[in-house]
Amino acid sequence: MVATSSKRTLDPKEEHLPADKTSTNSSNTIISELATQEKSSSSGTTLKLIALNIKSISDEDVGYIQNVERLSLRKNHLTSLPASFKRLSRLQYLDLHNNNFKEIPYILTQCPQLEILDLSSNEIEALPDEISSFWQDNIRVLSLKDNNVTSIRNLKSITKLNKLSILDLEDNKIPKEELDQVQSYTPFHTGIPKEEYWAIAISRYLKDHPNLPTPEPKISRAAKRMGFINTNLSNGAMNENNIISLAPSANTTISASTAMVSSNQTSATSFSGTVNAESEQSGAVNGTELYNHTKYNDYFKRLSILPEESMSNGHQKISHAELVVSCRKLLFSFTECQQAIRKIASFCKEKAVAVNVVSLLYSVRSHTDNLVEVLQQTENEDESHDQALIKLCLTIITNFKQIITLLRKNFEIFFKEDDLCFIRMFYMTLMCAYMEMYNAWSFIKEDDQVSGSASKAPKKHSFSRHETSSSSITSGGGPAASTTSTHCSGNIKLLPKTRSTRTPSASALLSNSNILTGDTTAVPLLSPNLNGAHTHGPILGHQNAISNGSSQTNMNEVKTTSDTIPRQQLLQHNKSISDSKKESQAHEPKQHPVMTSSIINASNSNNVSNVNITPPPMNGGGAANSSANVVETNIDIQLYQTLSTVVKMVSVVYNQLTSEISKIAIASTMGKQILTDSLAPKIRDLTETCRQAMDLSKQLNERLNVLIPNDSNSEKYLTSLEKLKTWEIMNSFLKVIISILANTKIVMSDVPNLNELRPNLANLAKITKDVTVILDLSSYKAVSVSANSPE
């Protein structure tokens with residue numbers, strides 16, 4: 001079940017030792033073994049006491065082995081160790097395999113030099129809660145293979161073992177669901193060595209999830225119909241005298257424990273009326289007392305023999321067709337969210353933070369591909385795969401919850417330097433995706449529950465009819481906001497609440513009139529303040545790509561007055577501004593449609609960079625030309641910055657490829673791997689492509705270092721001739737990247753280790769695609785067209 005470390009044994013010939021070797025005195029046995037092994041070994045630091053039927057070790061025995069560094073007591077019958085065992089101050093390796101320990105002896109935590117501990121094939125259920133400073137700083141390898149560990153909750157103290165690198169948990173009874181959660185939180189492809197994966201992954205998961213959820217006890221449907229409440233005792237057993245009580249109403253519950261304490265009369269509302277049940281003088285409640293009333297006897301008997309519905313875990317059935325439609329809606333939401341978050345992560349300057357999001361996105365991509373395959377199978381085959389669909393959707397939703405948590409935790413790192421237009425688009429994409437999730441939930445939910453949610457938001461929603469809890473984002477403020485409730489999975493909130501935060505409704509967010517006219521006073525989104533930081537609040541009179549020449553002045557006027565005048569005066573002021581804008585537009589010449597389209601497209605390209613591009617006003621030919629130049633200049637800056645990121649990513653991929661190719665060469669030299677006639681030329685082609693990429697990276701990086709500052713030194717590279725040279729270098733660089741991706745994919749089938757590069761290769765492919773889009777919008781495209789056109 002769990003990845004294991006390699007077997008460690010102190011004696012390779014131990015299997016040939018007699019299994020029935022016995023000794024009545026452990027001291028005599030230890031002395032004789034010491035004498036025997038001292039003759040064969042000059043060091044005297046290694047002692048093997050294997051399969052000697054030792055049942056206990058005395059303080060006297062410890063005195064004989066005080067200088068031992070490696071000790072093996074495997075295949076004995078030990079159940080405890082003496083307190084004097086801590087006197088083994090040099091002990092570094094201890095093998096207690098195949099003994100009878102039911103818990104880890106506390107005295108082992110007091111061994112000052114112990115680094116490797118093998119406790120496999122015992123009956124241990126948990127790690128000790130208290131970990132000494134010796135273990136915190138020294139323990140590197142711990143084997144609990146073939147024990148009685150039933151949950152990773154029992155290993156919570158593993159988070160204190162700072163040096164632990166290898167943890168063996170194979171052949172325990174840990175639920176697969178818990179291991180899946182650990183693997184989902186820390187995927188295998190995060191660069192962790194396989195033998196160290198479980199030690200790091202479980203420790204990381206337990207650190208970030210200190211309070212793991214405890215499964216709720218299941219209640220039988222018959223008990224629910226009869227109005228009884230089942231509660232398990234601490235040991236999991238069911239006691240009829242403690243667990244049966246009558247549920248009086250929807251708001252109150254009379255439990256058995258309350259009836260045991262109180263000697264007063266308790267009023268209980270039944271299905272047909274109200275009765276008073278008096279507890280006995282001793283306070284004990286008899287579980288059968290309820291049936292002594294003939295009024296209820298026949299009724300409850302009839303309820304108790306009603307047939308149970310043939311459903312697993314009490315879930316309500318939905319048709320396969322409904323489930324498929326809902327999964328398609330969720331697939332759309334997953335895809336949109338993934339693309340939006342990927343762009344946000346690509347802009348993050350803190351790569352150590354961004355790599356966590358990228359890792360989760362890669363996991364989402366993998367599960368999404370699996371979801372698409374399962375949906376295709378359901379369409380092409382007669383068999384249904386409902387459980388697989390549900391499991392994949394829940395796994396992806398869990399990953400998105402973790403991603404949103406990371407975005408909220410590092411909010412400023414991801415969003416502080418981003419352009420406002422892009423943040424608005426990102427927010428809108430998430431809102432639309434959540435709305436589609438709500439549509440999927442509504443589609444498979446019962447009609448009465450869906451209609452009831454219009455008047456009162458339910459506490460729990462689910463994507464299938466399972467009892468998967470989720471919270472809702474409710475709209476607030478204003479009549480329009482109260483008409484729609486937007487629900488999302490889990491406690492996911494993109495933006496932290498502040499005094500000026502107000503969650504917009506779907507109608508307010510999707511209002512075309514507000515967006516097109518620039519009047520976004522009803523849309524609370526992010527807006528930059530005077531210091532460049534982001535605050536939450538409404539955007540007043542935002543200037544967009546189709547505003548006229550006076551819009552810049554109007555926006556400044558509104559910003560100046562919005563903090564000093566009342567709301568009614570502000571509305572009148574906005575109305576007068578709108579009238580003046582219409583009057584000025586009536587006397588202005590009609591704008592050229594091509595120019596308008598190009599500027600709108602240029603402004604929309606903000607989603608691939610964090611450089612602010614403000615669409616300029618268009619009042620005439622000269623103004624249009626100057627504004628077009630400004631847009632091109634800003635797009636060029638975007639291009640330089642994105643290319644700089646690509647150069648760094650190519651360097652990372654190059655180093656990884658070089659490392660793997662070197663390993664292949666070394667393995668081939670040592671005879672561990674044979675280079676076939678087909679593999680050798682593939683590796684040569686890949687090596688040559690990487691060399692070309694690094695040469696072009698060097699040339700391009702030299703130019704980018706001069707162009708990015710955008711000062712007087714960059715002018716020498718802004719002539720038509722130099723721009724054409726830069727264009728050719730960029731094109732060659734992008735072609736080489738495509739060749740690297742293609743050649744690496746070809747070699748992957750023969751060299752499986754290259755699969756570890758997939759996340760970085762995927763990111764490189766995506767950002768390269770973004771570069772091609774920006775390159776077509778930049779001024780370099782026009783230079784290349786003019787150079788290639790016939791005179």
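In case you wondered, yes, glycine gets a Cβ from its N, Cα and C as well.
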Between THR214, THR503, which does Swiss-Prot record as phosphothreonine?
THR214
What is the three-state DSSP composition of the repeat 'LRR 1' (43-64), stated as helix, strand and coil residue counts?
6 helix, 3 strand, 13 coil
Excluding the flanking five residues on each side, which residues at least 6 beyond the ends of the repeat 'LRR 6' (163-183) place their CB within less than 8 Å of a CB in that stretch?
1-5, 120, 136-152, 195-196, 198-203, 205
If you average the pLDDT over the repeat 'LRR 5' (138-159), what number do you get?
92
